[in-house]
Every structure is written in structure tokens, then in C-alpha cells.
Amino acid sequence: AFCAEEERRVRANDREYNERFQYASNCIMTSKYNIITFLPVNLFEQFQEVANTYFLFLLILQLIPQISSLSWFTTIVPLALVLSITAVKDATDDYFRHRSDNQVNNRRSQVLMRGSLQNEKWMNVRVGDIIKLENNQFVAADLLLLSSSEPHGLCYTSRPPIDYVCFRVMFFFLCEGEVVCEPPNNKLDRFRGTLYWRDKKYTLTNQNMLLRGCVLRNTESCFGLVIFAGPDTKLMQNSGRTKFKRTSIDRLMNTLVRWIFGFLVCMGVILALGNAVWEREVGSLFQRYLPWEPPVDNFLFSAFFSFWSYVIILNTVVPISLYVSVEVIRLGHSYFINWDQKMFCSLCSTAAEARTTTLNEELGQVEYVFSDKTGTLTQNIMSFNKCSINGQTYGKVLIHDSESTLDFTQFNPLADPDFSFYDEKLLEAVKVGDSHTHEFFRLLSLCHTVMSEEKSEGELLYKAQSPDEGALVTAARNFGFVFRSRTPRTITTTEMGRTVTYSLLAILDFNNIRKRMSVIVRNPEGKIRLYCKGADTVLLERLHPSNQELMAVTSDHLNDYAADGLRTLALAYKDLSEDDWEEWSESHSNAEKSTDYREDRLASAYEQIEQEMMLLGATAIEDKLQEGVPETIAVLSLANIKIWVLTGDKQETAVNIGYSCKMLTDDMTEVFIISGHTVHSVRQELRSACSSFYILRSFREMSLTSSFCQAHALEADMEVEFVSTACACKAVICCRVTPLQKAQVVELIKKHKKAVTLAIGDGANDVCMIKSAHIGVGISGQEGIQAVLASDYSFSQFRFLQRLLLVHGRWSYLRMCRFLCYFFYKNFAFTMVHFWFGFFCGFSAQTVYDQYFITLYNIVYTSLPVLAMGIFDQDVPDQRSLEYPKLYEPGQLNLLFNKKEFFICIAQGIYTSLVLFFVPYAVLSDATQSTGVPLADYQTFAVTTATALVIVVSVQIALDTGFWTIFNHVFVWGSLGTYFTIMIALNSQTVFRIFPNQFHFVGSSQNTLMQPVVWLTIALATAICIVPVLAFRFLKLDLRPQLSDTVRKTHQWCFKTYRTVKAVPRTGLPQTLTLSRRSGYAFAHQEGFGELITSGKNMRLSSLALASFASRHSTSWIETLRRKKNTPTPPSTENASHCNHTKIVMEHDN
């Protein structure tokens, strides 16, 4: 073992030196097994499961002749089958990991070795190697950029790990030198190191690094020095295992299985005590005929062996195939999600994807949805909509489709033909040479980090770090200020047809704390100017005092834009003298070269220069809602799913978000905003809102530090008040929240409400929230794929969420619950017969059934029908699930499978076992064949009981199945046929001749099944088992129907009526039948808004004409249970009525 690496030393092209430190190679391995280790490692992992270890223990017991009355294969066959299926699944998964690893490891790179470039596999690259990359190649390892083919030393990359396009500045072409840097870590946005070269020292930062996983773009070639390789790269350091998520049903199943273990032990103890009493009182009387077998020499020893024998016999009460059956069902549900054409987006050719198979039924129990805004609720496709310049507002919303957009091509041949703007006043101001307007667009053309690619004259392609920047630069382009190209020290533009090159003196980059960016440029006349754009909350407070009047007017415009749901930025500039620039440049240079607290020193330098600026105006960008967002939120709300929007936008926009998404509606009487600046004020506002059960939440940040400041409302001593107040409301919108605070809000609900949560987002800033929630959903959109990679499910449009939850989630929960209820029922019905038989066989651990029947019962006779039900069953069609969202509520209340339902299933199974044992026992004890031979023999009783069992459980699953497919028919009736075929075959002359020592009862099954009294006994037992179930279900359907029963009955009636109407000849007036369908909605919204790079947005909308859902007699019982569930914090009657008119918005004021 080696000590933790404290620093890394790397010499270029010196493998002998670098290998002394034993740095990791560039070979990656995400697979778990190889050919040699697969079997032992996989078996070790599988026997970590308590159930598998338990059955292995039983198998060992069965090898002891004095204990077991069953052959060892009755346990080893099911156990081997379960282990084999799991092993095949694990091997398949690992095979794909191996294939992916080999594909990556065998990629080729050009490595500088012995003075020439040689093609080497990635796996053979070592720390200290110099690599040449060419355009569109993947970066093989974390490289220090040494040289670029670009004229000014630029290097462009796309960076999947952090979702943006960036550039790297040229450093040195290095063949000798040493790098001393930080050890491997997972911080994607930070690198600290020093280059020692030719007796000089140079500071290295993240801007000098190319990270593994990037793709070289728009650069012919570059050279880099390998600093971190393989598992040490930042990409691999960030690919740690995601926290394993378990469903509530999984946790309940584990509890129930432990209870069953306890029940099994109790039965074993009871039967062992019975054996002790019987052996002492009765067995001792005929020891001459039935002596104890060694080493048993007394009744207590006999009871001890009897206990373990019955543990073996009754082990089927703990279903060995339960877990593998659950995994097969979940896999089927995942495929249904992947194959759903109604969740396929044709525009981006993206299908829904279930990235996990363990959470499907949890989708049917969601109570809280936490959603990002930009790119999730909105399209994240920005368009320049309005602006304010020197107190004058420009821009108008398109009212009529016939209204034509401005034609920029005659005024500007470099204009983007796809750009749309509808206010000719702004174009006129540019044409007449208004100085403020020109300076406004000059700022937009200079203050950014956009890359420009010009393949032919005038054909420009912008690659922006964020859609906002792309929209702003495109707007400047169309209004005559065209960004053409950049170098590390210059920016070239075309201003009103004239090419102008500015010297780029400094870039003061954006981050989430600064919420602004600036550039300092020198124009051709030698004048130095700082241009700044950023959030109004941080920029307006840095203006010169002479801007007060203009700031008041611009603030009004900003508020108007925010009310329209637009994303806003404020713009300002500052003239600098040569002395000012020289003085600041020196302090900035010192901060850049600093090795200690470099980020803090840079922030201080930026803060120093960004003061006393002159206000230019503001921009407003539209980010439209995605298709179907208001309808989706409205439908989910009707399903009693509470939706919280967590956004970085400010309060004014948040209110508009609520209205546009139908979270807030006009019939809600009041919106409460909590925006205290101290702990005391926030607490008072929360209590005031809670007292009336109205709430619009907003919380204040304590400080701005790098350790993610927490809002007052999320503090430990206030979180209970916050949660109780927020959860009393119908709508919650959190504003100004950081990625960490999004995750904290989710954790609070998980902690205090014990409800299933779902988080949905599309960007890297949503990853924390997605991983914190029970279920994470990633939107594959404009902000990269990191949210998708961290998610459990992914699709391309927010509107697909309602189908994921209300259809697939509800069906998965329903199917899994029905599967579990039936599975426990059939196993108890099967196993408990042995328990009753123990009282009639002297507690001798003799089995009722043939040992082959015991082996095949769970893996052949009853496995496929229950799997078919668990995979294909449904109570109502998918369209009805969407039309009646109230159908979703039983899953939220966990009504279909809980401890009560489990005991009901167990009780039914025990009742069935009583009937299956005592009815044949009573009938056959006095029955005779037609020849007068008695039927009261062991084999006749065993065949009769086994046949009745198979028929009863088959009829029961036929009753439980609500949706019949060809698979259900084949599996149910096929399993019955398989049972009779195998039973007759095992008792045939042919099998006896082959295995004379194994199959003794030749022809017994045929002889038994030829007796009419046997079939009458089977029919009687089946009727006694099934008729009470039928009677109960008919009474329940008539007296207390569930909503699903009502919907199904209505659907069947509509279908029959439709067929009848269709068959009637058109002799009279035309007849029409309107089936229940969700009506379509015309959606006209206002626009979107937010701050640069941070997320946020929503708009306003008219009321949805949603159909009222029939919940009268069928949902009152659900409401009663829901009220009981919420009794820990009951609102008053008056306040409870107010809850229907409440909304909540949260603001985190940065």
C-alpha cells in the first residue's frame, strides 16, 4: 500500500523518471469480472443475499440423511436456476462493460517517442508522454496544452463532462521541463500547478488543461503533456458509483421475508414439540417395529432432528424465486418504457430510456416532483425579444402570425436570416447613428466568450457557452455589430460595414458567485474601456451615482420584462485611463500568478475594477415553454402530485412561471411571498403564512462563500416550520437557489414527509437534485448530457413525465403489487399443507407431495402465469389512466400492497391449504374405487391434493388477471397442461424402466385421475376455495367500487355501445357517440426570462378546461385514508379550505 499522493511531479518524455512514482497507466477498467474471477466473485456477491445464503444452508442440511426427508435436488434445482439467471444477467452486463473498455483502450493516439511520432493505443500511454491531437479526436488523458496549430495558439474543445464549449490558450512546446501539480481529484473546474522550465517558473491553471473526454474542435492539431492518466483523470474521478436506490416495496419485502423466516421457525418449533410429545407418548410403544435410527436415542434428539427436517420441508414458504422473478418483471417494465412510441420525440429522434430497472414501481408512488426550469419546462432556445437602451424600451411581442419580421439583409449582408425582431424603431435608431444604441450593440459584440467559425465569406457559425450568449451576439450581428473572430489578444468585429479590431486586454469571466462577466478592450484609437453584463441584482449596485435616474427607469423596464417571463441582463461600461489600466493590470497579474488563494485574489481584483460603471441598458431574452407543459402540470396536480419548481430566477419571474405552467391559477386568491433578510424575519413570515395556510416562499442566503451558503429557511432549527408550511400549499416555487440548495430542499421532504420524490432537470446544475431524489429524470436537451448520465430515466420533453408516471408508473406499481400478493398466496397455499399433514403423520417430517412436484411447483407449474400477470397486466387502458388522474392516488397511499394486504394474502393462502388438505382427507378416507378397493392411500391423497392445488391457484390467477394477452392464455393453460403431462410421464412405465430406483409409483397418477370421486373432490375443493373470493369481489364491486372499477365498467360500456352503434344501419338520423377523451388546448403564452447561465423561467396562461373526474363514491375512501395519513399536522377546518387557494414561491436572494 502506498501513502496518499500529496503532489505530482511529471517530466516530459522521461518515462524512466515518471515510472518511479508508479502513476496509474491510461488503461481503464469499468468491468467487474474476468474469465477467471467471474464464477467465484459472482457467487460471493450473490450469496451476500440473505435468501440465497439461507437456501445454501438448507441444501447442506439436506445432505444429512438423518435430517432430510427430501432429496437434495428439491433445493439445488431452484437455487441453481436462480443463481444461473442472475449470473447470466451479470455476465451480460459485464460483457458490455468489457466491450466498451476495450473500445476505449484500443483507440489510437500519436505519441512522441524517441524523437518521432508513433501510433500507440490509449492503454499504452503513460504519464509524461507528449501526445499530438488532431481535429475531432478525443483527448486521451488529462493533458497540459503545449502548442496549437492555430495562428494565435488557440485550442477549441467540446467538453462533455461540464457541458460547454471552451478554448485553451497556447502555452509552450515542451520537450524538457518538470511540472509540479496537485494530486488527482474530481474538481473539473480547478487545476493548480507550476511548470519549471529553463530556470523559470510558470503558474498553471485549469485554462491550460485539456481533460479526457473532450473532443478537439476547429483546431487542426495540438500537442499536450500527459499529467493524469486512466483512473486518475478528472473524468474517471467523477464517475464514482451512484448511490444505490431501493424502492419502498423492496424495503417492505425485506421486512416481510424476515417475518416469514420467523413464522417458519415457529412452525418448525411447533411441529418439533409435537414430535417430542408423540415419540414419548406413542412412538415409544412400538420401538420394536420403528426403532430410532442412530444417532437418535431419545425423543428430545428426535425432536431436534424433526425441527431441521421441517425447516427443510417448509422452506418454500420463503420463496427462493421471488427476487429473480421481481427482476424479470422490472426488466419487462423497463423495456415497455424504452419501446413506448408515445414518448418518442421525432424532432430530435430521442426515445425514452429506463436507465435503471430497480425503480419502476416507485414511479407509481410519487408525491413530490422537483423540477428545474430552463431546458426542462422551457425549450432553452433563446431569442432576443426586447431591450432597454438609455431609458427607451424597444421590442414587441408578435400578435398576429401575418405580422412580418424586420428584413435585415438589405441593411446588413452579414445578418442571420433566422433572426426575428418586430420593432422597426430600434433598427432606425441604429441607422441614424444613435451613440447609445451603437455602444449597446458594441458591448454585445465584444463582451462574451463565443467562438466564431467562418467557413466562407459572410457564413458565420457561433458556438456559445450558453444559449443566452448566442442569442445576444446574434442580435448584435443583425443590428450591424458583427463579431467575426477572436485571438488570445484581439477581437475582430464588423461595425456598420467597417472592420474593427480591438485589443483584448482582459476577460473577467462569469461564475455563479459573480453573476456577471466583463472584458477590457482597447479600440483602434487607443481608448480603453471595460464592458460588463450581468444580473441586475449585482450590476446596478456597482453603477456610478450619476446613473440614479436612468437606473430607476431601467429597473422599471426590467420589472416589466420579468413580469413577461423574460430572461434579463443589465449592461454597463467604464472608461479607463492608461494609469488605471496599468495599476489594475499589475494587481491582476499578481493574483493570476499566486499559488495560494488564487481564486479569492482574482475575485478581489475583479471587484476592484468593476465599480462606478455607466449604465447602458438591459436585454430581455425569450425562452418559450416546451410543448404540453401546462397541461402536464395540471394533470399531475389532479393526481395529487405536488410540483415544486426550483429556479435561479428572481421573484417576479417566479410568479409568472407559476401562472404560465398552471401551477398558479386565477382562482387562487392570494400569493404570499416570504423574503426576510434575517433568521427572525424569515421565521415570522413563515409562521404568518402557515397560520393562514397561504404561502409563496422565498428565502434569504446568509453569505456568499465558496462552501455553498444555505438559506435561512433551510437551517436545522427552521426546517420543520418551512416543510410544514410549504407542504400545506398546492404550489411551491423556489427562487435564487443554488444546485446544492436544490438538493437540500429534496432531502428535507424525504426526511420529514416520508414521501416518494422525483427530480427532473437537464443541466449539470441539476445533478445534485437528481441524485438526491428517490427517482431522477434527465431531459436530453440543450445543456449537455450530464443530467441524463446521472438520471434513472431520461426523455426529451417534460410532457412525457405524465405518461411515465400515470401510465408506466401506475401500471408497474399495480403489476408488482398483484404479483407479490399472488406469489405469497400460492406459496402459503402450497406449503401449509405440509404443516397440517404433520399432525396426521406422527410429526415424522413426511411430505404430502411427491418430491418432483415440490421441485417443479415454483419453477415450472406456477412461475410463468404469475410472470405474465406481473409484466402485462393492467386495470384500465393507458388513455383512461391519463383521463382519470385520480387513479394514481392508491399508489401514493400504498394501498395495493402493504402489511395489511400481505396478511390478507397469507390468510387466504392458509385457508386454501386447510381446504386442500381436509377436503380430500375427509372424502378419500371413506371412498372406494368402483372395484371396492379403498382410495385412502398416500399416493392417491398426494395426487388429489397436488392436482387440486394447481387447479385452484390457476383459477385464482385467472381471476386476478385484469388484462388477458396471448401470453397469459398460453402460460396459464399451458402450465396446467404441463402439470398433467409431467405427472403422467413421471409415473409411466417408460420412466420406471430407465430410473427404477427413483420412480416407484408406476401408474398411480393415471389410476387416481380415472376415479370420478377424485374429480368430484377436486371440484369441491376448488369451489370452496374460489366461491368465497368471487362472492367477496362481487359484493365489493357492487357496494364499494374503486375508481378503477368505475372507469373500467364505463370503458366496457362505451366499447359495447360503440360496436352497437357501428352495427346499426344508417336509416334514420345519424347517431354519434363521444368517447371520453382529454380535450386539446390552444396554448398561447408570454415569454421566458432568466439570468446568464443560471436556470429559470415560466409564463402565464388562461385556465385549462380539464374535465371533472368522477371521484364521488369511488374516491371518498381514498380521501379518508389521506386525511388519516396527514393527521400528524392537521390544519384547522377553516384553514384546510384555504389550502385550495395557496401557492408558494421561494426566493434565495444572492
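Cβ atoms here come from the backbone N, Cα and C positions, even for glycine.
TrEMBL labels come from automatic prediction, so no person has curated them.
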Of 729-750, 795-816, 971-992, the range TrEMBL labels transmembrane segment: 971-992
Listed recorded positions Asp372, Phe510, Arg567, filtered to Cα within 10 Å of Asp766 (Mg(2+) binding site): Asp372
Rounded to the nearest Å - Cα separation of Phe510 (ATP binding site) and Thr374 (Mg(2+) binding site): 18
Interface check, the transmembrane segment (902-923) with the transmembrane segment (852-872), three or more C-beta pairs under 8 A: no
Averaged pLDDT score, the domain 'P-type ATPase N-terminal' (10-76): 82
Separation of alpha carbons, Asp762 (Mg(2+) binding site) and Arg736 (ATP binding site) (Å): 18
Pairwise CA distance, Asn765 (ATP binding site) versus Thr374 (Mg(2+) binding site), rounded so that it is a whole Å: 11
Other parts of the chain folded back onto the transmembrane segment (852-872), taken as Cβ under 8 Å at six or more residues beyond its ends: 70, 73-74, 77-78, 81, 316, 319-321, 325, 328-329, 332-333, 815-816, 818-819, 822-823, 826-827, 830, 942, 946, 950, 953-954, 957, 960-961, 963, 965, 967-968, 971-972, 974-975, 978-979, 982-983, 986
Tally of DSSP helical, extended and coil residues in the domain 'P-type ATPase N-terminal' (10-76): 33 helix, 2 strand, 32 coil
Site with most surrounding Cβ atoms, counting all protein chains shown within 10 Å, from the binding-site residues Thr374, Asn765: Thr374
Arg736 (ATP binding site), number of other Cβ atoms within 10 Å: 27
